[in-house]
Amino acid sequence: MLVCLSAHQRTTPFESLERLSLIGDDLAVRLRDAHDSIRGAVVLATCNRFEAYFDLHDDPDLPSPIPAMDAAMEQISDLADLPYRDVRQSVDFAHGNRVAQHLFSVAAGLDSVAVGEDEIAGQVKRALDAARAQGSTTTSLEHLFQRATETSRAVKNGTRLGESGRSLVRLAVDLVSSRLEWATARVLLVGTGRYAAAALAALRAAGAEDIRVHSRSGRKRFARQEHLIAVPLEEYEAEAAAADLIVTCTSTTHAFALEAGTHAAARGDAAGPQIIIDLGLPRNVDPRIADLPGIELLDLDTIRVHAPVDEFALIGEAREIVHNASQRHAAARRVHEVSPEVVRMRAYVQGLLEEELTRTRRSDAAAEVEAALRHFSGVVLHHLIAQGHTLAATGSGTAWAESVRTVFPDRASGDEAEGTPGQ
């Protein structure tokens, strides 16, 4: 059984999302080990969501996923230092094919602040890569996340939703564009990771030319690759004070990239207006900076308030693609569920075939008889299995599986019919 716990920007306080983002990289393994019925887990954590996807054992003695999810939420509560009640009230719960429907929508950017954003697809892929590296994924989770990536690609190629290359950072840059002269604005980019590269692309697309970059590591290489000015640590405070726009997107969890007291001292009394965009989760910028004279601070909580209304026609096209993909995924899972009966039926027929071949191999026409019998059994099995797959895909697999168990005894356990053909 697939299950998902999801906390996102629409239902979860920003402070709680911050706490959740601080949990260590080994969370998927910890969640997998939180309860005996959890077979595997994948964690998807972005600047506006925290989600955990689970594959549970199909145990008839534990038909409900609730005990396992309670254990997982207790683990999350402890690691994030959040009350269990807060975690429980913040997360949405989905199971069965609703999990696929949700993840496919997420991967396609339909559940993002900037609807249609193109960064989330990479984050979904990296979440699976991380779980795979930790050994916490399963075949079912692998298939789920791989289909999510394929669905994201189908939405991007099949609709105009991805044409504008949307993202949260582009939305933030658009929000401040009217208050900056991009050709002359002095811009400081803090961070050199994947999100910094996306921020740089958005800044250049807006027309920014004077861009400097600072990071505690990797700034020289990043600056060289991107033809920027690298700002060393000893010049950072002065550069931050002089910038017209600062964009922060680092993954640091130990200290603010901009602290209110230090920044106020560096700016002095005669400083001009300054815009700061904080794209970090947890925050990169001390929120008290917003109280300093002349400073406008846009953090993730502020940006999402200004997110544009969905473009309904495009969203409708994309949701149709997602719906169809989730239905195909559900059909494939139902077909997989009858695999034991397919194996059982194949083993039974093959067993009877070998018995008949043993009796006929002494005849002069043994080769021709064997070829004919193998062809016949193959044709019969093909039609029976194809019918089973068709019925399973449409939701009737359980009845077909029960019929197989009744008609084709389990030869491995000795549960055979009293007679066999030819006796």
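Going from the start of the chain as shown, residues are counted 1 onward.
In case you wondered, yes, glycine gets a Cβ from its N, Cα and C as well.
Straight from TrEMBL, the features:
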type	residues	note
DOMAIN	7-159	domain 'Glutamyl-tRNA reductase N-terminal'
BINDING	Thr46, Cys47, Asn48, Arg49, Ser112, Glu117, Asp118, Glu119, Gln123	substrate binding site
ACT_SITE	Cys47	active site, nucleophile
SITE	His102	site 'Important for activity'
DOMAIN	177-303	domain 'Quinate/shikimate 5-dehydrogenase/glutamyl-tRNA reductase'
BINDING	Gly191, Thr192, Gly193, Arg194, Tyr195, Ala196	NADP(+) binding site
DOMAIN	317-408	domain 'Tetrapyrrole biosynthesis glutamyl-tRNA reductase dimerisation'
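Shown on the structure are the features that TrEMBL records.
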residue	record	Cβ contacts under 8 Å, 6 or more apart
Thr46	substrate binding site	Ile120, Gln123, Leu281
Cys47	active site, nucleophile	Ser21, Leu168, Leu279, Gly280, Leu281, Leu300
His102	site 'Important for activity'	Cys4, Ser6, Ala94, Asp111
Ser112	substrate binding site	Asn48, Val106, Ile120, Leu168
Gly191	NADP(+) binding site	Ala199, Val213, Ser215, Thr248, Cys249, Thr250, Ser251, Ala257, Gly280, Asn284
Thr192	NADP(+) binding site	Val213, Ser215, Ser217, Gly218, Arg219, Arg221, Phe222
Arg194	NADP(+) binding site	Gly122
Tyr195	NADP(+) binding site	Glu119, Val169, Cys249, Leu279
Ala196	NADP(+) binding site	Leu189, Val213, Ser215, Phe222, Cys249, Thr250
(request) For Asp118 (substrate binding site), list the number of other Cβ atoms lying within 10 Å of its Cβ atom. (result) 20
(request) Within 10 Å of each Cβ, count the other Cβ atoms and name the one among the binding-site residues Asn48, Gln123 with the highest count. (result) Asn48
(request) Could you put numbers on the helix, strand and coil content of the domain 'Quinate/shikimate 5-dehydrogenase/glutamyl-tRNA reductase' (177-303), residue by residue per DSSP? (result) 51 helix, 27 strand, 49 coil
(message) Roughly how many Å lie between the Cα atoms of Gly193 (NADP(+) binding site) and Asp118 (substrate binding site), rounded to a whole value?
(response) 16
(request) Starting from the Cβ centroid of Gly191, Thr192, Gly193, Arg194, Tyr195, Ala196, which together make up the recorded NADP(+) site, report each further residue of the same chain whose Cβ lies within 8 Å of that point, ordered by sequence. (result) Ala197, Ala198, Ala199, Ser215, Cys249, Thr250, Ser251
